[in-house]
Amino acid sequence: MSQRQSQSPNQTLISITNDTETSSSVVSNDTTHKGWTGDNSPGIEALCAIYITYAGIISVGILGNAILIKVFFKTKSMQTVPNIFITSLAFGDLLLLLTCVPVDATHYLAEGWLFGKVGCKVLSFIRLTSVGVSVFTLTILSADRYKAVVKPLERQPPNAILKTCAKAGGIWIVSMIFALPEAIFSNVYTFQDPNRNVTFESCNSYPISERLLQEIHSLLCFLVFYIIPLSIISVYYSLIARTLYKSTLNIPTEEQSHARKQIESRKRIAKTVLVLVALFALCWLPNHLLYLYHSFTYESYANHSDVPFVIIIFSRVLAFSNSCVNPFALYWLSKTFQQHFKAQLCCLKAEQPEPPLGDIPLNNLTVMGRVPATGSAHVSEISVTLFSGSSAKKGEDKV
């Protein structure tokens, strides 16, 4: 039996949810000690492919999220309620890409934990904060889109942007509170591998020997950062689907074209948020399942043939990929963001795209024409009031 197959369970922490930055993962120790033997063991080609993939995730993710943030702060028309949440998502993704992903990449070549006790606690805190910001922001976004679809013509309050910023800040605070126990209890533990008579250090949230703690930790992570938020999102989108189905029987007439476009705009944004939620669910599911499997099959997991190396790497890469896909999903779904993204990517000054009709405030509409007697241009300003005196909301739903 190869060394890879006979390693102790102390070296089997492979979950990003629990051990994104831990050095006791199978891949890191086996790479360092050249313990990968057998027909299906990765060689130098596999390591090169892994590092190229990690470098691609980091580079593409930083570029995409940085452009998204820049577009938001430089373009006044993009500073809307849903875009505030999406920009907060981008900050969380950048945090993960700049810290936890590079640290995880060191596991494949480095011997032991390289970043000390303080680094262990700080990186554990950052990792869980970033995951919390992602899933909790998507949950709040779904609630916001439900409200927008149910009441599509409701007037935006004057302090809507300020309240949304406060909500985004609250999400960060809640995520930090959930991540605080991880930082407090994470520590660097020293282990000995009897098969190779060597010791190594690992950053973990609990002692490896505590099986019950591992099971509780994996279940809590799965529930708090996956099942519960996605269940809430599913409820909101079920209500959105029901509302949209009913609204097809009561669509505004052509004479109310502004109302029609406003409703269609909000439907489109609801679909955009749903795509972001689906990407999160897809990217993080394998990692959560693998961590649960590891936690509840502690003894049998010592035989690593149960989980092929490619599946371990796939789950890690897929989870990290979620931090770089959102800007490109927006590029695909939003023509407005696509124009700004192209301009920033080409280092050109972004031209302001013309807002759709649904984003033009109709309470202050300028009309230009010619006075027949003089032939000169004449500008008159008229006030248009629709929907019981409520004016349209400017740019609220632009993405």
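Cβ coordinates are placed from backbone N, Cα and C, and glycine is handled just like the others.
Given the structure is predicted, the values throughout are model-derived calculations rather than measurements.
Per Swiss-Prot, topological domain 'Extracellular' is recorded for 1-41 (among others), and the stated evidence type is sequence analysis.
Positions annotated as N-linked glycosylation site by Swiss-Prot, on the basis of sequence analysis: Asn10 (among others).
What Swiss-Prot records for Asn18 (among others) is N-linked glycosylation site.
For Asn29 (among others), the entry in Swiss-Prot reads N-linked glycosylation site.
Long-range Cβ contacts of the transmembrane segment (42-63) within its own chain (Cβ-Cβ under 8 Å, at least 6 residues beyond either end) map to 31, 36, 93-94, 97-98, 101-102, 104-105, 108-109, 309, 313, 317, 320-321, 323-324. Per Swiss-Prot, the feature transmembrane segment maps to 42-63 (among others); the stated evidence is sequence analysis.
In terms of DSSP secondary structure, the topological domain 'Cytoplasmic' (64-82) contains 16 helix, 0 strand, 3 coil. Annotation source Swiss-Prot lists topological domain 'Cytoplasmic' at 64-82 (among others), citing sequence analysis.
Residues or ranges marked as transmembrane segment by Swiss-Prot on the basis of sequence analysis: 83-103 (among others). Packing against the transmembrane segment (83-103) from elsewhere in the chain are residues 20-21, 54, 57-58, 61-62, 65-66, 68-69, 72, 115, 123, 126-127, 129-131, 133-134, 137-138, 140-141, 144, 161, 164-165, 167-168, 171-172, 175, 276, 320, 322-324, 326-327, 330, 398-399: each is 6 or more residues past its ends and has a CB under 8 Å from a CB in it.
Annotation comment: Swiss-Prot describes 104-121 (among others) as topological domain 'Extracellular', evidence class sequence analysis.
Per Swiss-Prot, disulfide bond is recorded for Cys120-Cys203, and the stated evidence type is sequence analysis. Secondary structure at Cys203 (disulfide bond), as computed by DSSP, is strand.
Summarising the annotation, Swiss-Prot assigns transmembrane segment to 122-143 (among others) and lists sequence analysis as the type of evidence.
If you look up Swiss-Prot, you'll see 144-163 (among others) marked as topological domain 'Cytoplasmic'.
According to Swiss-Prot, the feature transmembrane segment maps to 164-184 (among others), an assignment based on sequence analysis.
Annotation source Swiss-Prot lists topological domain 'Extracellular' at 185-220 (among others).
The annotation transmembrane segment is assigned in Swiss-Prot to 221-241 (among others).
Residues or ranges marked as topological domain 'Cytoplasmic' in Swiss-Prot (evidence: sequence analysis): 242-272 (among others).
According to Swiss-Prot, the feature transmembrane segment maps to 273-293 (among others).
The sparsest Cβ neighbourhood within 10 Å, among the listed disulfide-bonded residues (Cys120, Cys203), is found at Cys120. When Cβ-Cβ distances under 8 Å to the transmembrane segment (122-143) are tallied for each of 164-184, 221-241, 273-293, 314-333, the top count falls to 164-184.
Note on the topological domain 'Extracellular' (104-121): DSSP counts are 11 helix, 0 strand, 7 coil. Remark: secondary structure over the topological domain 'Cytoplasmic' (144-163) totals 11 helix, 0 strand, 9 coil, with classes taken from DSSP.
If one looks beyond the transmembrane segment (221-241) by at least 6 residues along the same chain, the residues whose Cβ comes under 8 Å of a Cβ in the stretch are 17-18, 128, 131-132, 135-136, 138-139, 142-143, 145-146, 149-150, 178, 270, 274, 277, 281, 284-285, 288, 291-292.
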